[in-house]
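Participant: Have a look at the structure that comes next, please.
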Amino acid sequence: MHISVIGSGYVGTTVAACFADLGHEVTAIDIDEDVVDALNEGRAPIDEPGLEELLATHAGDRLEATTSYDAVPASDVTFLAIGTPSNEDGSIDLTALEAAAEAAGEALADKSERHLVVIKSTVTPTSIGDVLEPAVRRGANGNENVEVGMNPEFLREGSAVDDFLTPDKVVFGTDSEWATEKLHAVFDPLLDEHDADVVETDPATASMIKYANNAFLASKISLVNDIGNVCKEFGLDAYEVMAAVGLDDRISEQFLRSGVGWGGSCFPKDVDAIVAAARDEDYDPALLEAAVEINDRQPERLLELLEDHVDLAGARVAVLGLAFKPQTDDIRNSRAIPTIETLRDRGAEVVAYDPVAADNMRERFPEIEYADSAASALEGADGAVVVTDWDEFAALDEEFDAMADPVVVDGRRIVERRDGLAYEGLTW
Ligand SMILES: NC(=O)C1=CN([C@@H]2O[C@H](COP(=O)(O)OP(=O)(O)OC[C@H]3O[C@@H](n4cnc5c(N)ncnc54)[C@H](O)[C@@H]3O)[C@@H](O)[C@H]2O)C=CC1
Ligand SMILES: O=C(O)[C@H]1O[C@H](OP(=O)(O)OP(=O)(O)OC[C@H]2O[C@@H](n3ccc(=O)[nH]c3=O)[C@H](O)[C@@H]2O)[C@H](O)[C@@H](O)[C@@H]1O
């Protein structure tokens with residue numbers, strides 16, 4: 001099959017490279033020429049394990065990239081993987097996706113065979129019917145051969161290729177059997193290799209499945225954080241408690257790590273977007289609002305625990321970990337951001353360290369100090385907090401002895417407790 005993928009960011013690049021690997025002819029389309037050049041040279045514009053290898057194998061062969069939409073009508077199916085950020089009020093901003101949907105429609109205005117345009121981006125349940133399908137139709141000048149479907153994506157940053165190629169489920173949201181069959185033709189090479197559940201539904205339900213998935217996972221972590229805070233009050237270890245709770249199949253052992261909370265480019269924006277969409281329909285999703293509030297409070301609790309040991313005004317505090325999770329340099333909505341902001345508000349001098357994300361954080365906080373190792377961040381510090389669970393922090397030991405006062409508040413349960421180190425766990 002010939003597939004065009006519009007948008008070559010985290011999702012679009014991964015999807016395009018994986019479709020090529022599954023044997024399809026793929027054209028990746030992006031407005032960013034640097035991204036297009038990188039793809040054509042077989043280089044990954046983003047850092048994801050396994051992606052560079054796939055691109056190097058397929059670029060110039062089954063995969064090509066371009067800034068032109070001319071490849072759209074020549075393909076059998078088109079996927080749209082454009083960003084869907086938040087407006088100021090948390091609601092979904094469809095501007096970029098709507099523009100790309102209309103441009104895809106324009107490219108298809110004269111196509112005489114049926115063509116499926118699939119929304120891969122995360123969009124609210126009314127987005128396709130109210131905004132995106134009309135945009136495609138407007139562009140296509142009413143060409144009845146063009147149909148719109150939805151295929152939400154569940155991959156995680158840091159394991160994008162592996163997650164895409166070994167999904168638990170794939171969701172096809174379509175308005176016709178023909179469109180469902182097209183999506184089967186796209187995904188059957190994957191489903192032949194890997195057993196995954198296939199959910200066939202309509203586009204609005206498919207959109208909601210994606211939000212329900214992310215809202216559930218984010219709320220699960222917030223619930224675990226709430227329970228973890230209670231554990232801490234009783235002097236109990238939330239990790240021991242949740243390890244036992246997770247043995248219940250109905251709960252599962254995954255996403256039970258309590259601590260400083262969830263960040264990243266999707267959980268915060270997606271929970272905000274579905275909350276805003278629900279409020280638009282005059283429903284207040286109280287549990288989702290509470291999940292956000294608990295998440296916002298965790299960095300503050302981390303620093304309250306530090307303040308039990310250190311007077312923050314004038315103190316030198318090491319912040320270990322800046323990325324929103326390990327194995328990425330992505331700092332979007334990282335819990336390190338409110339942590340650093342509050343430390344500075346309280347008059348602390350911040351020295352930050354992350355193995356890969358420091359350059360990105362420097363753009364956000366150019367005025368703080370960045371150390372080139374955890375050891376040098378800790379040297380002479382009056383206190384330390386751990387915000388990201390990088391493996392290397394588990395090996396820290398005598399480095400704490402070089403602190404002015406060896407105090408660490410661990411927001412991710414990664415540092416080893418030992419004599420001579422005042423250690424506080426956030427929820428243990
Ligand atoms: N990042 C992730 O891990 C996941 C993201 N998603 C969803 O997938 C969607 C895309 O997210 P990302 O890939 O992270 O976004 P991104 O921001 O990394 O990539 C978007 C790409 O679209 C390009 N673009 C913008 N306008 C264009 C146009 N008119 N024509 C062609 N290209 C255009 C940009 O240059 C950029 O390369 C979002 O809705 C997101 O919520 C879903 C699952 C996972
Ligand atoms: O829609 C998306 O973009 C994606 O969002 C998340 O993926 P991602 O944000 O890449 O990363 P996760 O591994 O889910 O971690 C998100 C945040 O939760 C935190 N987390 C995760 C698990 C846990 O037990 N505790 C916890 O605090 C992480 O530290 C991180 O800050 C989802 O896991 C993906 O399924 C989804 O496709």
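The backbone N, Cα and C atoms fix where each Cβ goes, glycine too.
Whatever TrEMBL says is automated annotation, not expert-curated.
The annotation NAD(+) binding site is assigned in TrEMBL to D30, T84, T122, E157, K269, R332. What TrEMBL lists as substrate binding site is F154, L155, R156, E157, K210, F255, L256, R257, S258, G259, G263, K325. The active site, nucleophile annotation in TrEMBL covers C266. The domain 'UDP-glucose/GDP-mannose dehydrogenase C-terminal' annotation in TrEMBL covers 318-417.
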Participant: Going along the chain, which residues six or more apart from K269 (NAD(+) binding site) have their CB under 8 A from its CB?
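Facilitator: Residues satisfying the criterion: T84, P85, S86, G90, N333.
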Participant: When DSSP is mapped onto helix/strand/coil, what comes out for D30 (NAD(+) binding site)?
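Facilitator: The three-state answer is coil.
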Participant: Could you measure the widest C-alpha to C-alpha distance across F154, L155, R156, E157, K210, F255, L256, R257, S258, G259, G263, K325, the residues recorded as binding substrate, and give it to a whole number of angstrom?
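Facilitator: So the binding residues stretch over 25 Å, Cα to Cα.
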Participant: Considering only the binding-site residues D30, K210, L256, S258, R332, which fall within 10 Å of the residue listed as 'active site, nucleophile' when distances are taken between Cα atoms?
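Facilitator: Near the residue listed as 'active site, nucleophile', where near means Cα within 10 Å, the binding-site residues are R332.
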Participant: Per DSSP, what is the residue tally for the domain 'UDP-glucose/GDP-mannose dehydrogenase C-terminal' (318-417) in helix, strand and coil?
Facilitator: 32 helix, 18 strand, 50 coil
Participant: Quick check: of the binding-site residues listed here (D30, T122, E157, R332), which one has the Cα closest to that of L256 (substrate binding site)?
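Facilitator: So, spelling it out, the nearest of the binding-site residues is E157.
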Participant: Output, ordered by sequence, the same-chain residues six or more apart from R156 (substrate binding site) with a CB under 8 Å from its CB, or 'none'.
Facilitator: D163
Participant: Among the binding-site residues T84, S258, point out the residue whose Cβ has the most other Cβ atoms within 10 Å, with all shown protein chains included in the count.
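Facilitator: Within the set of binding-site residues, the most crowded position is S258.
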Participant: So which of the binding-site residues K210, S258, R332 sit close to ligand 2, that is, with a CB under 6 Å from an atom of it?
Facilitator: none
Participant: Among the binding-site residues F154, K210, S258, report those whose Cα falls within 10 Å of that of R332 (NAD(+) binding site); none is a fine answer.
Facilitator: none
Participant: In the structure shown, which of the binding-site residues D30, E157 has the fewest Cβ neighbours within 10 Å?
Facilitator: E157
Participant: Long-range same-chain neighbours of G263 (substrate binding site), Cβ under 8 Å, sequence gap at least 6?
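Facilitator: Those within reach of G263 (substrate binding site), by Cβ under 8 Å and sequence separation of 6 or more, are F324, K325, R332, N333, S334, R335, I337.
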